[in-house]
Structures are given as structure tokens and as C-alpha cells.
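Listed in Swiss-Prot for this protein:
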ACT_SITE  E184  active site
BINDING   H183, H187, H193  Zn(2+) binding site
COMPBIAS  30-39  compositional bias 'Low complexity'
DISULFID  C91-C94  disulfide bond
DISULFID  C134-C284  disulfide bond
DISULFID  C155-C175  disulfide bond
DISULFID  C287-C313  disulfide bond
DISULFID  C339-C362  disulfide bond
DOMAIN    87-285  domain 'Peptidase M12A'
DOMAIN    287-399  domain 'CUB'
REGION    30-54  region 'Disordered'
SIGNAL    1-19  signal peptide
Amino acid sequence: MDLKMLLIFIAFLLPSVLGFPIQDNYENSTATTESTQVTTEEDIYDSPSPAETDSEDELIFNRILEVNKDSSQYLQEGDIVPRRSRSAINCRNCYWPQSRDGIVRIPYVLDPTYEENHVKGIREAMAEFETLTCINFVKRKTERDYLIIRSADGCWSNYGKVGGGQTISVMKGGCMWKGIIQHELDHALGFLHEHSRSDRDKYVRIMWEYISPADRPDFKKFENSNNLGLPYDYSSVMHYGPHTFTNTTGKATIVPVPDGSVHIGQRLGLSNLDVAKINRLYNCSRCSTIIDAAFGSLKSANYPRNYSDNTNCVWLIRTRSRKISLHFRAFELRTTRGCQGDYVKVYDGSSKYSTVLMDKTCGSQIPTDVVSSSNLMLIEFVTDGADTASGFQATFTSAKIQRRFKIRN
């Protein structure tokens, strides 16, 4: 094979190599996936289009089904504990109460048999809710209604608040993936699977011929579902994969319409529309955007015109197992002592509990480039009620993470 043909062959293979996703597994290591979408603050309702392959995508959802197949817990739709009396849709008391400060605090207790890495993974999954929405998971004191997160026999949850202590099963060894943990927590917040929406027939076709009679109830459509006035989300963390419950190898059970090539389902983490739905259901006024991309840009609202007073916005950048490099192209924030008024802050992770990469920064001097240690970076922009300025504009790129290995004799 001559050099020209070899280069063509490598160019053909390269996209496939780069497109292989790495999942968030808290038994081992942490990573996410990316797409080529570039998202800005104004695109809060635009969810990313996952770039992972069907087989890898379904590996995550099939993990739930595989783990749950031997579960002694009776489940609907693969991972939902059915209610004994109240309707799963028309249940006004199924939502967690909101405090006067606008925060929805949900008490929880963790299984004492969890090891340190399990606890860390569960809390990281919770922290993304707290960063992107007004949902805060807090350790239980004496509250009557709370979550019991334990390693039972499977990955499953109740729908919404049921009263008293309610179990979310996050089994060690099978369910310790960020997307799965967030999926089950989302059920507890009051969300069903995306394909159960009343308007689903406009967006997907259920291929009943490839679904066994015993599994058909798992594809039930709720005619009176509350869709919150938000679009159908193919990339929701609550969406089935295309081959879920298929009885014929290679045949899809859910096909997008009118474009059958649209990618559906993932278990990697909350999408922008997942976040928007939580905030709308719980009447949260949060400014948050998820950017799943290898490169892109972001800017303060109204840039290059002046930003608004009393702003609190975050951008969560997620890439596929790549370090993120953030470069500020323009920077003009009102100067205050210690930057206690308007500021930009950057974290080395997906929440405000993560290590700080760039502490509160204001003024007109462009900050130096910021590089994450992993595939996650959070940018926070806060302003007070005083004077404003033009704000900032930034771009980001990503590079493969270099892993170090110790050689043992």
C-alpha cells in the first residue's frame, strides 16, 4: 500500500476512532461524551445531539435492564416502582416542596455499605442538579419525607414523592454510572420516560412488531401527560435507546420521525431540555447551559452590549475524555474590591464544589487561559445590582487526556 492510499485509509478510520464514547463509571473512572454542537447562553432549550453509537448508547440503558432482570422488585417501564393508588400522572402531591428562597431541598440518606468512590459518584451526580437547577439534595435530619439511596437489587426508583422514606436503588457494581444515577433521581423528582409523552407519535414511531406482548406496557403513552410546553427531547437522559426491549436482533423498537437517522437516547447525563423541564416544573429561575462539544464559544448575555444586573449564569462544558482549554477573547467587567460585585469564576469539574481553576475575576484585563484536568469545566458569571459593562466572550477547545501508567516489577 503506497503512502497516498495509507493516508486515505487513516482519514477514513479517524472519525470512528474519535467517536467512541467513554462512560461515567464510578466503579472505575470518570468521563463523558461530546457532540459537535456549539451552544451559547441563548440556546438553553437546545439539547445536544449525542455522537455515540447505538451499541454504546444502549450499553448504558441495557445495563439498567440487565441488572433489573433478576430484581425481586416489581417494576414498570423497566425501572419505575408502580404506585399503589394515586395516578402516576395526575398527582399534585407527587412533587417536592419549594422553600421560600426558591430552593427545593430533598433530604436523603445513603446506604452505609457504599464505599468512598460510590458516595463520591452519587454526590457528583446530585451536584449537577444543584448547579443547573434549584434542586438541592441535603442530608436528612428529621424530615418525614426523604430518599433512601441504597444498593438494593437493581437500578430503580419511585415516580415523584410518595411520602415517608422512599427507596432509590443504585446497586453497587451495576448502577454506578452518573447518567443512570441522574435518571433514577429524575424519576423521584416526578419525571417519566420521554417516550411516554402524550405527543410522542409526532416524534417517534413505536415498532410494536418487534416488542413482545409482555414488554408492550413499557411503551405506554400517557394521554394526559404534562409536557410543560417544552419540545420533545431525543437526547433526554430519560429516553429509551432505539433497541430497548427488542425481540429481534438488529430491529429497533423506537424510530424517530420524520427523520429516522436522528440519534435517540443516552445515559450520560442531563440534557439542556432535562434541565429546562426541571426548572419549569419546580418554577426555578436558573440560567444554566450544558455544552457538549469538542470546541465552541460562549459569551455573557447581550454581549457586546452591557450585561444585565443581578445575573447568575453557569455554563457546563462536557467533552469526550479530553481536557478543556478556555480562552477569553474579550473581558470587561465592573471592577470592585475583591471582585465581590461582578465576576467570572471557573471550576475544574461539573459543580461549584469542584476545585477552583480561576477565582473571582473582574476588571478589563483579559485572564490567562484556563485548562481543566478532566473533561468537565464549569464557568460561573455573577453580577450585582450596580453598574454593568460589556461582559466577556470566550472560546474553548479540547485535547486528549494523557494518562499515566505505573509499571510494576
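Keep in mind that glycine also has a Cβ here, set from the backbone N, Cα and C atoms.
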C-alpha spacing of C284 (disulfide bond) relative to H187 (Zn(2+) binding site), in angstrom: 18
Within the predicted model, mean pLDDT of the domain 'CUB' (287-399): 95
Work out, from DSSP, the number of helix, strand and coil residues along the domain 'CUB' (287-399). 3 helix, 62 strand, 48 coil
Cβ-centroid neighbourhood (8 Å) of the Zn(2+) site, H183, H187, H193 excluded: E77, D79, I80, S157, E184, D186, F191, L192, V237, M238
Tell me the coarse DSSP state (helix, strand, coil) of the residue listed as 'active site'. helix
Going by DSSP, is C155 (disulfide bond) part of a helix, a strand, or coil? strand
Residue, out of the disulfide-bonded residues C134, C175, C284, C313, C339, whose Cβ gathers the largest set of other Cβ atoms within 10 Å: C175
Nearest recorded site to H183 (Zn(2+) binding site) by CA-CA distance, among disulfide-bonded residues C94, C287, C313, C339: C94
Return the residues near C362 (disulfide bond) by Cβ distance under 8 Å, restricted to its own chain and a separation of at least 6 in sequence. L333, R334, T335, T336, C339, G341, D342, Y343, V344
